[in-house]
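To start, the structure itself, in structure tokens.
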Ligand SMILES: Cc1cc2nc3c(=O)[nH]c(=O)nc-3n(C[C@H](O)[C@H](O)[C@H](O)COP(=O)(O)O)c2cc1C
């Protein structure tokens, strides 16, 4: 058995204290996202884990890129017929999770997902490079396929079909807006006594902040 008992890091880069945090979790999120963006050691600062609940009640997590965020929520794009799409149709709750190791920070967001409007999905779809647009049509995301050739052949077909034509966004591809009701900011600290501040959305639509033990 591989023993990893002695693998550990001391977290001491920063701190998260009540009198410095923003009232709005979205402002906090923006600060931390900007820090990650400006950190050359963060390879993909918009990459997040998105967990949904499968039909067997087990969570499933995959990496997705965050594409927009505002006071309304966090938006990502995907295939509505994928495993995640099927899970979301029966349980629209999801957990979004960012971990930026060099920042010694994680953010955990519990949210309810809603599909973005067709107009919003169009806006992003048509902003993507043509190759990515074709990819969305070629790949029946999460379905079993006979082999790599299937994708190559479909790509050739679709390229021929849309030669010199605008590629239409398929109706099964679009965005989800994750509307958060709980957002935790975690900052690593020495002796495993990390900072954890959680914003809970109140019935009035404000945010209540609480500190959790690490
Ligand atoms: C860095 C990275 C970024 C990704 N971004 C997306 C994305 O924006 N949308 C997407 O549908 N899949 C994205 N994927 C692929 C997903 O992780 C996943 O494999 C795919 O969405 C199928 O998931 P599902 O079968 O659980 O529905 C990304 C993967 C990685 C590693």
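Heads up, the Cβ atoms here are built off N, Cα and C, so glycines get one too.
All annotation found in TrEMBL is predicted automatically rather than curated by experts.
Per TrEMBL, the feature substrate binding site maps to 8, 9, 10, 11, 67, 124, 128, 132, 192, 193, 194. Look at TrEMBL and you will find 62-67, 77-78, 83-84, 106, 141-142, 186, 196 tagged as FMN binding site. As annotated by TrEMBL, domain 'Pyridoxamine 5'-phosphate oxidase N-terminal' applies to 40-160. According to TrEMBL, the domain 'Pyridoxine 5'-phosphate oxidase dimerisation C-terminal' annotation covers 173-214.
A 10 Å cutoff on Cβ-Cβ distances gives residue 192 (substrate binding site) a total of 10 other Cβ atoms nearby, all chains included. Burial estimate for the binding-site residues (106, 142): highest at 106, by number of other CB atoms within 10 Å. Taking a Cβ cut-off of under 6 Å from any atom of ligand 1, the binding-site residues 142, 194, 196 reduce to 142. On the backbone, the CA of residue 77 (FMN binding site) and the CA of residue 192 (substrate binding site) stand 36 Å apart. The separation of residue 196 (FMN binding site) from residue 67 (substrate binding site), Cα to Cα, is 26 Å. Ranked by Cβ neighbours within 10 A across all protein chains shown, the binding-site residues 62, 67, 83, 128, 194 are led by 194. Taking CA atoms as the reference points, residue 142 (FMN binding site) and residue 128 (substrate binding site) are 21 Å apart.
Among the binding-site residues 8, 196, the residue whose Cβ has the fewest other Cβ atoms within 10 Å is 8.
Cα to Cα, residue 83 (FMN binding site) and residue 128 (substrate binding site) are separated by 23 Å. Note: the CA-CA distance between residue 196 (FMN binding site) and residue 8 (substrate binding site) rounds to 20 Å.
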